[in-house]
């Protein structure tokens with residue numbers, strides 16, 4: 001073995017005391033005893049080895065918006081937060097809607113990314129090219145481009161489609177985007193899914209009724225996500241600070257509680273990391289940074305008994321890898337040796353000044369939390385230790401099932 005991690009790790013829902021062997025950047029063995037190896041990382045008591053986490057909803061800006069975020073700063077933020085794979089949303093400026101722009105995006109990622117990555121392609125009346133996933137906006141959000149015919153665009157997709165479900169007709173009628181805007185779009189998306197029968201992923205579900213619609217429909221090829229900001233914040237927080245403007249908006253306490261009630265039925269948690277500078281936020285930009293806080297908030301919730309640590313593994317590693325058909329990611333022998341080592345006892349205060357994102361602020365400023373990512377390993381190499389991102393960018397594009 002080139003590398004052996006020794007200590008407690010999560011496996012099949014249980015905490016195991018043993019070791020994990022790594023060779024050529026891949027996991028070779030999970031063992032109950034201490035494996036032999038050239039290089040060992042001994043994980044102390046109170047610390048646990050998790051798989052590297054996958055965030056299927058990240059806006060990394062760059063291109064003409066390098067003042068908001070770059071692939072370099074955004075992926076540094078990712079590994080700082082224990083995220084080893086990011087899904088790059090294509091509503092950039094310019095948007096990723098043709099082969100040339102997609103290739104430009106890949107070129108930048110190859111040079112600048114500290115995390116592994118999946119490349120998205122935006123559909124809004126254009127023809128698709130091969131990408132890792134497709135994104136459709138049913139109503140205008142950041143970037144302003146949305147699909148006038150969701151079903152037609154979704155039917156064209158060559159792989160799984162992630163959809164921002166807010167009804168464009170209702171947005172013009174209700175610009176503050178009350179629950180009906182999301183609920184109506186989710187119903188339309190589910191109706192299209194029944195007809196088209198292609199994999200569909202509904203982003204950032206925020207309402208009780210929207211979630212009910214998805215769960216009752218129970219369509220095998222439809223998945224969905226919830227975000228930490230919809231789990232931890234409400235409309236009352238937005239009323240105190242207009243910086244918390246986001247699409248879909250923060251909801252009432254009853255919606256937030258319902259998301260927690262149904263968390264066992266939620267397959268994926270994703271950040272929807274959407275950085276803007278404070279100046280842009282003060283001018284009304286919608287979106288919240290989240291890559292460096294999402295895992296910490298969830299670890300704190302684990303410590304408070306709101307969910308299990310295994311839930312974090314399922315919703316941010318196993319399920320994303322399975323649903324998005326990522327061949328080289330997950331938690332098993334032969335998968336990439338990506339790890340997030342967490343200290344469940346570490347108490348700390350969230351401060352934006354300690355983060356890598358260019359956003360320069362966080363919705364959770366001053367929150368005291370218990371639980372922290374202390375080391376991130378990407379394909380067998382340490383990329384973050386004790387808040388410091390280490391080495392050069394070495395991110396690679398994910399491998400999809402069937403793409404050999």
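Counting starts with 1 at the first residue shown.
Cβ atoms are placed via backbone N, Cα and C, with glycine included.
With 57, 59, 135 listed by Swiss-Prot as binding Zn(2+) 1, the candidate from 272, 280, 300, 311 annotated for that site turns out to be 272. Cross-referencing 39, 91, 319 against the substrate binding annotation in Swiss-Prot, which names 59, 60, 61, 276, 286, 287, picks out 91. Residue 204 (Zn(2+) 2 binding site) and residue 287 (substrate binding site) are 12 Å apart (CA-CA, integer value). Nearest by CA distance to residue 59 (Zn(2+) 1 binding site), out of the binding-site residues 164, 204, 276, is 276. Separating the Cα atoms of residue 286 (substrate binding site) and residue 272 (Zn(2+) 1 binding site) is a whole-number distance of 11 Å.
A sphere of 10 angstroms centred on the C-beta of residue 60 (substrate binding site) encloses 33 other C-beta atoms. Counting in whole angstrom, residue 204 (Zn(2+) 2 binding site) lies 9 from residue 57 (Zn(2+) 1 binding site) by their C-alpha atoms. Residue 164 (Zn(2+) 2 binding site) falls within a strand when secondary structure is assigned with DSSP.
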